[in-house]
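As recorded in TrEMBL:
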type: TRANSMEM; residues: B:12-39; note: transmembrane segment
type: TRANSMEM; residues: B:59-77; note: transmembrane segment
type: TRANSMEM; residues: B:110-133; note: transmembrane segment
type: TRANSMEM; residues: B:145-164; note: transmembrane segment
type: TRANSMEM; residues: B:195-213; note: transmembrane segment
type: TRANSMEM; residues: B:242-260; note: transmembrane segment
type: TRANSMEM; residues: B:266-287; note: transmembrane segment
type: TRANSMEM; residues: B:294-311; note: transmembrane segment
type: TRANSMEM; residues: B:323-345; note: transmembrane segment
Amino acid sequence: MHNGEIVLELKGITKRFPGIVANDQISLQLRKGEIHALLGENGAGKSTLMNIVFGLYQPDEGIIELNGQPIVMDGPNKAIECGIGMVHQHFKLVPPFTVTENIILGMEPKRGFGTDLKGAASRIAELSKQYGLNVNPEAKIESISIGMQQRVEIMKTLYRGAEIIIFDEPTAVLTPQEITELLQIMKRLVDEGKSILLITHKLKEIMDVADRCTIIRRGKMIETVTVADTNQETLAEKMVGHRVQFKTDKRPANPQDSLLDIANLVVTAENGQRAVDGISLSIRAGEVVGIAGVDGNGQTELIEAITGMRPIESGTIRLEGRDVKHGSPRTASEAGISYIPQDRHKHGLVLDFDVSENAVLKSYYEERFNHKGLLDRQAIEEVAERHVEQFDIRTPGIHTPVRSMSGGNQQKLIIAREIAKEPKLLIAAQPTRGLDVGAIEFVHKQLIAERDKGKAVLLVSFELDEIINVSDRILVMFNGRFVGETTPETTSDQELGLLMAGKHQGGDRG
Amino acid sequence: MNKLKALFAGESVKISLLSIVLGLLIGAIVMIAGGYNPLLAYQSMLEKIFGNAYDMGEALRAIVPLIFTGLAVAIAFRAGMFNIGVDGQIVMGSLGALMVGNMISMPPIIHAIVAIIAGTLLGGLWGALVGVLKTKRGINEVISCIMLNWTALYLSHMVIKAFMAEEGTSRSQSIQESASIQINWLSGLLDGARIHWGFALAVVALIAYHFYMNRTKWGYEIRAVGNNNHAAKYAGMNVSQVVIRTFFLSGMLGGMVGTFEVLGVFKYMAIASATSGLGFDGIAVALLGMNGALGILLAAALFGSLMYGAQGMSFGANVPGEVIKMVISIIIFFAAAPGMIRWLLNKTKRSKQANREG
């Protein structure tokens, strides 16, 4: 497989944006039938490079060769014509349409005056079988899982005859099971003769599926390595430019009095079902409690109840003995609860606000920023400057809209804001979702630093590594209940995996 | 100064300006196709606007309500909502001002001020009703706005007929002179053009709007809710309260238009078969003005003078005034669908590049 002919070659690609060189003389060769990973931190220039390949940007210098022939990619249509397909990180699907309708969108097969939906559906079913995608052509997008939606995106590229498929951070939105399945699909695709460019910053995935890996750092190409000859540590070091610790250093916890006490909590989800089904939980000051579990087992509802974003059915939530159950998000926040939300774009930030406006999203009304309704710009800017400095947020300035910042820097801003509030309880939901190793290390260190300052920390994550790495105590949530309690020292991935799948450990605890 | 330069280099401003040019151009083409002389038409339009003191004053009079309705629509837009109920809020504003102006006697100045406040508040409450229905009952604001427009219209008919009917006409009695806000000396200077204190308030409203949206806590909340109401809720803002407050403010701005039309221009309310449509023109103004104070001022000035000047076109060039309605529609069309202009801009940029390289 490693000696396949070169299907796509980039030679000395350079792309400049005002103020930065996003890609600086990058060269890369993709062979037929290989999975070639493109590794780099957030903002290293991976996406820019792939957008150049896909014709969304024009390079300032350098050439693209397809099967040995130089080619000008002047738009996505040209790329598709050349047999290049892209699976974007954020799916481009129409939710109320069926799988078939989404796939043929833009190139509907005609039959008379109508659209040949039937023919398209059978073609899709055929492709689905060939590549083991298991996609139902009749299903509506809004009714299928995220993992399945991604397969529809893959199918879209195949339907359009792609030979080269670019995956842009494909696992960022997936659950662990879906990741495993996706990696299998990718292997199947290359077995069938396709070639894959995989953009990622997850080392594990590269080790699992990639044949070769090209590393870029701050727009510059570092090198291309054969994955079989390397290991995660080396890759990480090349990516960030210094040694990376995967295990976060932490001293043993020194837990104090109980800070958060939840008793018999019941919370209902939108669909009327009991998402949290009679849970009891206490967290002490100075400890990190990790809640492991597969997405959709009530973790979100539990957190929303604690943070006042969702009403509770019955039960009590006490912070330092005081009841917070009838709270709103603001009363919860004022009671000393900080919350790093799971979805930073939906909840954590107002993307069109600039850094300074986002920095005070929860505190703008306080006296230090608000004088009888008039916002004190200077005070707000000072706080924003301090956040940027203390948390090493890389941004052109505090008046840059956060929309244009990388995910890691957006997350740093949220963490800065939540920690600066000096909370008693810090809740972090999926705090490293979509971040690269450098940023993950940073986030984990911050969580543990808060613990060491005597705060209670509640971490919810679908990533076992993260749970084991950061927590002092681990609870496993399944179907709205805790099905097991353990500690990182005494558990294993296997045990947690079984618990997450609902295999009881013996009696509810928590 | 640099800010100003950056503003005009911005893409959205280019889009607005090009929309205007295209609107006038396509209008001209249609006139040629119809056998009219577009140059003469536009010339007589300009003459109508700038020809003499009276016309200039009256053109200004046409601009003022558009500033207010533009602001009314814009503030709701900024909160992510669509207030197409400004027409109804105008009616309620007029009604409030008329009732105070006609039925209650007070000394001058005080009478006018009380009448303005009454109309403004009534308009505001009418708007707030939309916000309440939306937040407490989940009713889409567009639906309730449309229904409340008609409700306001017929309510005003009932009240006028019951308390202030002018026998033998289809209008109300006039307000008392003490409630008038017409600026008589200025009207006199402008050959009787109906100039009123609403002009001064329009300027105040523009500045206040800019300040409120960008510098105050309440404006910050409106922008947060409009950009991402999930994040606003997460941040602890009371989203329902922001929605109701925004609609109250929006309705107040609409209500002011109604008060000025009654107290400063007509002095009475007509029993009309439909609302004025000024609220709908406000949508166009807000859209072209990109919800900013300066943009709204310019857009209102443009649309107001075009509408007023249209009368001159039929007089001077025999072109039906509807052509100007079409021109305005085309401008809005391009401003609302910026994709087309962006495509044009890209096209010219590329051909320029090609020329340079070739």
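Placement of Cβ uses the backbone N, Cα and C atoms for every residue, glycine included.
Through the fold, the transmembrane segment (B:59-77) approaches residues 49, 83-84, 86, 89-90, 141, 193-196, 198-199, 202, 205-206, 209, 213, 222, 226, 246-247, 249-251, 253-254, 256-257, 260-261, 265, 278-279, 281-283, 285-286, 289, 291-293, 296-297, 299-301, 303-305, 307-309 of its own chain, all at least 6 residues removed from its boundaries and within a Cβ separation under 8 Å.
Taking Cβ pairs closer than 8 Å, the transmembrane segment (B:145-164) reaches residues 82-85, 87-89, 91-92, 94-95, 98-99, 102-103, 126, 129-130, 171-173, 269, 271-272, 274-275, 279 in its own chain, all 6 or more past its ends.
Packing against the transmembrane segment (B:323-345) from elsewhere in the chain are residues 11-12, 14-16, 18-20, 22-24, 26-27, 30-31, 36, 41, 45, 284, 287-288, 303, 306-307, 309-310, 313: each is 6 or more residues past its ends and has a CB under 8 Å from a CB in it. Counted over residue pairs 6 or more apart, the CB atoms of the transmembrane segment (B:195-213) and the transmembrane segment (B:12-39) come under 8 Å in fewer than three pairs, which marks the two as apart. Here the transmembrane segment (B:266-287) has Cβ contacts under 8 Å with residues 65-74, 77, 83-91, 94-95, 98, 149, 152-153, 156-157, 160-161, 166, 170-175, 180, 254, 257, 296, 299-300, 303, 307, 328, 331-332, 335-336 of the same chain, all six or more residues outside its ends.
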